[in-house]
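Quick notes on the structure that follows.
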Amino acid sequence: MSFPSSAASPARSEQAVPEGAAKEPMVTFEGVTKTFGGADGKPGFAALAGIDYTVPKGSITCIIGRSGAGKSTLIRLANGLEKPSTGRVVVDGVDVAALDEKSLRTLRRSVGMIFQHFNLLSSRTAFDNVALPLEIAGLGKKEIEARVAPLLDLVGLSDKAKRYPAELSGGQKQRVGIARALATQPKLLLSDEATSALDPETTQSILELLKRINAELGLTVLLITHEMEVVKTIASQVAVIDRGLIVEEGTTFDIFTAPKHETTRSLLSSSVGVKLPHWVTSGLKQEATDGDRVLVRLVFFGETAFQPLTARLVAEIGPDVNILAGTIEEISGQPFGSLVVSYPASAEVTARANRFYAETGLHTEVLGYVA
């Protein structure tokens, strides 16, 4: 992986991770547990209860979960801020817990980290904040200048190099934090709720920056967040953690469009697809009676997102089709649409509709019945 060496050359799309490289592991958690406390014969708190998970090289991987699920503990294991109680954490082929202090310091230079709170030194300019880890590493003034200037250019802050944190906006402070995290030319970037203190517009600009860094530098990004919009925008894959265990994992698109675990469905319930109004859900039944209408969620993605399937459904089963709600959005760069319709729950209409779904390959979910 190459980092920019001059202010004039941050664009390196040709050096993006080649196809297939993402299958190699950057971080591997092998049977990892972590227990806090437990002194004097008292039981400890199991923050992690047996994690087996791999973060591929070159990926942007998101860990999501409820508060207290173990997200922050998991990410702190990746740079040796915490050690596992049992199991192994392997970063780029190195068992982190097996390292002595000197080797651990070397490893940490290959792992950058950005935080919700920017942790900038108020007495240092943007340039000097980015330079700090290089000064600690013992680099000379000319080498620091050659490293910091292109990084500030990369994050769009060349004109703010001499500004102090108090003179910067929240988004600009986070960009300084990102540049500082990249100063030691890491292979892995850890992000702990890095956008949660930012407004939506600034969040989007930071996400675009992280995507560009990932693409141009081939940098692996592992982030935790409670913001599902962040995950949809940036992640290539997702892992869901609950009570110290990975309960579901997969590509971002698969997790968001077809969540399987109850925890995943709960986390995503308000961020994907259609949320029905209360006046509809309050009258929803799971069994049909004579004269009822069935509510069906139709899911469109890939090529089906651009086909006139709703019009064809009306042509197939008749004009008595009501559209109750609908949305279309982009998840991990792919179109995804969701439409809730109702039509008579009679055997004849249901048979025609089911035949149409089978012929078109349309994904459907029966939500219930209303009078």
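Backbone N, Cα and C define each Cβ position, glycine as well.
Here's what Swiss-Prot has on this protein:
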type	residues	note
BINDING	GLY65, ARG66, SER67, GLY68, ALA69, GLY70, LYS71, SER72	ATP binding site
COMPBIAS	1-11	compositional bias 'Low complexity'
DOMAIN	27-268	domain 'ABC transporter'
REGION	1-24	region 'Disordered'
Exercise for the section: Please state whether DSSP places SER72 (ATP binding site) in a helix, a strand or coil. Expected result: helix
Exercise for the section: Provide the number of Cβ atoms within 10 Å of the Cβ of ALA69 (ATP binding site), excluding the reference atom itself. Expected result: 23
Problem - C-beta crowding around GLY68 (ATP binding site), within 10 angstroms - result: 13
Practice task
For the recorded ATP site formed by GLY65, ARG66, SER67, GLY68, ALA69, GLY70, LYS71, SER72, name the remaining residues of the chain with Cβ within 8 Å of the site's Cβ center, in chain order.
Solution key: ILE241
Handout entry: Least buried by Cβ count (within 10 Å) of the binding-site residues SER67, SER72
Key = SER67
Problem - Same chain, 6+ residues apart, C-beta under 8 Å of the C-beta of GLY70 (ATP binding site), given in sequence order - result: LYS34, ALA47, LEU48, ALA49, ILE51, ILE241, ARG243, GLY244
